[in-house]
C-alpha cells in the first residue's frame, strides 16, 4: 500500500495504461498478461490486482476473478482508480451491495472526502436505499454546502414517501412529503433556490400532497417565472383542471390554439373545458348551453376560415364537438351541421393522407351500424373510383384505400357471400398491381409502396374466407401475395408482421424466423414487439433453435438493466428531477416485463430438455442455472404487459373489436402459462436437488423433501384452479387477433398427472417405499400414454395431408413437442437417479451389512430400487425408439391444391408466380425437415442418455 501511495502519479497512470487499453478493445487475455506483468514488479499495486480481476471476469474465469476481487476488497482501498475498477466489476456481476460496502469503508477512512461521499450516495441510489441516500446527502451538504446535495436529500425524502417501504401507509407518506416541502420552503426563504429543476421538484412535491392552489401560486409567481420560464403548458392545464378553474383554462387554450392551430391535444382540452363551463351555468339561465358551446363552435369555425393552409386539428375538433354534444343529447346538428357532411368534407380535404382512416374511425362508434354503412358508401362514391375504373393519381389511390378501410371498419364486408369476397380479393390484387406499376416506381429502399395497403386488406379478406371454410388454401394464397409485396417494398413492416403471423398460424417456424429477422427488431422493441415471435416459439418443435432467439432477447434485458441503473444515477448527478420517476418507472417495467420473465423460464426449460452430455456435464449445466426450487423469484403482482398490440395495423369492424378486453384476456392467460411453466421448472429442479442437492445448498436435513412436497401440492392446486377458472381460447375471428396461448394445450396434455406421479416416484425411490413397484408401473403407464399420443398425433397429421395439411398443423406440432418435452425431462431425471443409486450402492458394498431387527415393513433395498430404475430406463428407451420411427415417417405438409391452381388465382406475371409460390412452398418443406431433424437428434441424445 505504501508503495502504491508513494508511486509517482504520472508513472502510475502510464504503467496501467496498456491494461486499460486492452480491456477497452476487448483484448482481455492481453490485459490479463499486462496486469500480471505489472504485479510481478509491484505486487502491492491494488489497482493492477483489481484490473486482473476484471480481466479474469471478462474471460469467464469467475472463481479466480472472485478470489482476486475479494482480496483487493479486503484491503479496503481508498484510491479512486481501484474503487472505480472494483465498482465496475461488481456492476457487471450485479453485486451492487458490495459497491456500497466499498465506499462505506473508504468514507470511514476519509470522512470529509466529497468525491467518495458522492460515490457512496450513487451506490445507495443503485440499490434504492432512500433512507441511506438522505443521510449521505446531508453529510455531503455539511461538507460542501452545494444546492445539488441539498436537493439530493430532498428527493430522497420524497422517494421514501412515494416509493419506500412505508409508502403504502398514508400517514407516513404525508409525513415524508411534508418534511420535503418544509426543506424546500426553508431554502426558498433563504433565497437559495437556483435552477428550474429545483422549481420543478417543489411543484411536484406540492402536487403529490394535492396542494394545487399553492402549486398554482408558485407556478405563476415571480420566482418560478425567473427560474422556470420554460415550464410545460400541460402543467398549467393540470393545475387549472384540479382547481376547477375552467374559465381561465378555456381562455388559455384559445390563446394557445390561435398560436398553434394543429394541436389536437389542445383541442380536446378546449372542448372539455367548454362542456365543464356548460355544467357551471345556472339551470335558470336560458341558452346557457348556447353561450358556452356556441362560442366553442364559433372559435373553431374562425380558425378554419382564417387558416391559409388547411390543417386537420380544427376539423377534427369540430367532429369531436359534434360527437360530444350528441352524447349529451344536445342539438349538435342544429349548432354545427350534419355529421355525415362534415366527415365527407374532412375526407375531401385529407383523404389523400394515410392517417385519414384512423381520424374518421375515432368518430364511428358514436353512430349506429346503419349510419356507418351508409357513410362508408358515401365515402366510396366520393373517392371517384368505381368497380370499372382505376385511380388516376396517388391522391385518388389513397382516398380509395381510405374509403375501403373505413368500409371494412363499418362491417360492410362481413356479410358478403364467399364468391363476392373472392371477387373483392381479385379486385384488391389488381388495384395493388396497378398502383405498384403506375405510382410505385423509383421508390427509395426505405419507402413503402403507395398501393401496399391493398394487399394488406386482401390478406385480411382471405383470412375471413379461410376461417369461414376452415381451409388453408385462401390464406396460403394471401401469404404468397404478401411475399410478392415484400419483394417490391422491402421496408414494409406491416407486410412482415402479417406474414410472420400467418407462418406461425401454419406452424412454419423457418418462415416465421425469417420474417422476424427481416423485421430487425432491436433494443426496446425486443420487449414491446418480441411477443409476435417469442411467445409463439415454445412447444413449436424446435427446442435448440428457440434457444438462440431467447438468448438474443435476454441479452438485451441483462445489458439494459445495468444501463438503466446508470441512467438513474445520471439524473441525480445532473439534478434532472423531472426525469427521475420516468426512468425509475421504465426500469421497473422492464425488470418486471412478462416477456423477460417468460423468456427466462422457457430458456431454462429448453436447456434441460436439450441436455445431451454425460451425467457430470448435465449436472454442471443444471447447477449453472441457479434454480432455487424453494424460492419463487417472480413478482407476480408486478408483472408488466409492455406489448405494443397496436403495431399490427387493423381495419376490422369496430363493433366486433374490443382491444382492451383482448389485451386483458391474453395477458391473464400468458401469466397463467408462466405460472405453469415456472412451477414445472421448480418442481423438476426439486427432483434433481433431492438427489444431487447435497453440498450445493446449505439447508437442513429434510428441507428438500419438504420443498418437493410443497411444490407438488402447489402443482396439483394450480391445475385445479385453472380448470375452475374455465378460460376460453382467445377469439380468432380476424387475422390480426392474437394466436391462442398455450394454456389450453398445457391443460389438455397430461402434464399434471405426469409430473405429479414423477414426484411420488422420486419420494418413493428415496425412502424405499413398499409401494415403489406400483408407482413405477403408474409412471410407466404415463410414458406409454404420452408416447401413444405423440404417435397418434403424427398419424393424424399424415392422414390430414390428403385434405388440408396446414390448417391444423400448428396444434399438431405443439402436441408432439409437448410429449417429447415431458419424456425428455423424464429421461434426464432417470439418468440422475440412476447415477445416484449406482454411486450409493458402490459405497454401501464396502461396508459390512448390519442386522436390522426392527419390526414393521422394511425399505426396499438399493439393489431392488436400482433394478426397477433400470427397467424404467429400458422401457423409456423403447418408447423413444417408437417416437423416432413415427417422426421419421412424419410427412411434410401438402398444400391443399396444386401450384398451377394457385398460379391461376394469383393473377400475377407467370414467371413471378412460379418462383414466388415455389419459394413459399419450399419454406414450409424446409421448416418441416429441420424440425424433424432436430426432434430426431433430440431423441438420439435421450436414447443414449437412458441406454445405461
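Backbone N, Cα and C atoms are what each Cβ position is placed from, and that goes for glycine too.
Feature annotations, courtesy of Swiss-Prot:
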type	residues	note
REPEAT	46-79	repeat 'TPR 1'
REPEAT	80-113	repeat 'TPR 2'
REPEAT	523-560	repeat 'TPR 3'
REGION	841-862	region 'Disordered'
DSSP helix/strand/coil residue counts for the repeat 'TPR 3' (523-560): 29 helix, 0 strand, 9 coil
Chain residues outside the repeat 'TPR 3' (523-560) and at least six past its termini with a C-beta under 8 angstroms from it: 497, 500-501, 504, 507, 509, 512-513, 516, 590, 593, 595-596, 598-600, 602-603, 605-607, 609-610, 642-644, 647-648, 670, 677, 739, 741-742, 745, 810, 813-814, 816-818, 821, 930-931, 934-935, 938
Secondary structure tally of the repeat 'TPR 2' (80-113) (DSSP, helix then strand then coil): 27 helix, 0 strand, 7 coil
For the repeat 'TPR 1' (46-79), the number of residues DSSP places in helix, strand and coil: 26 helix, 0 strand, 8 coil
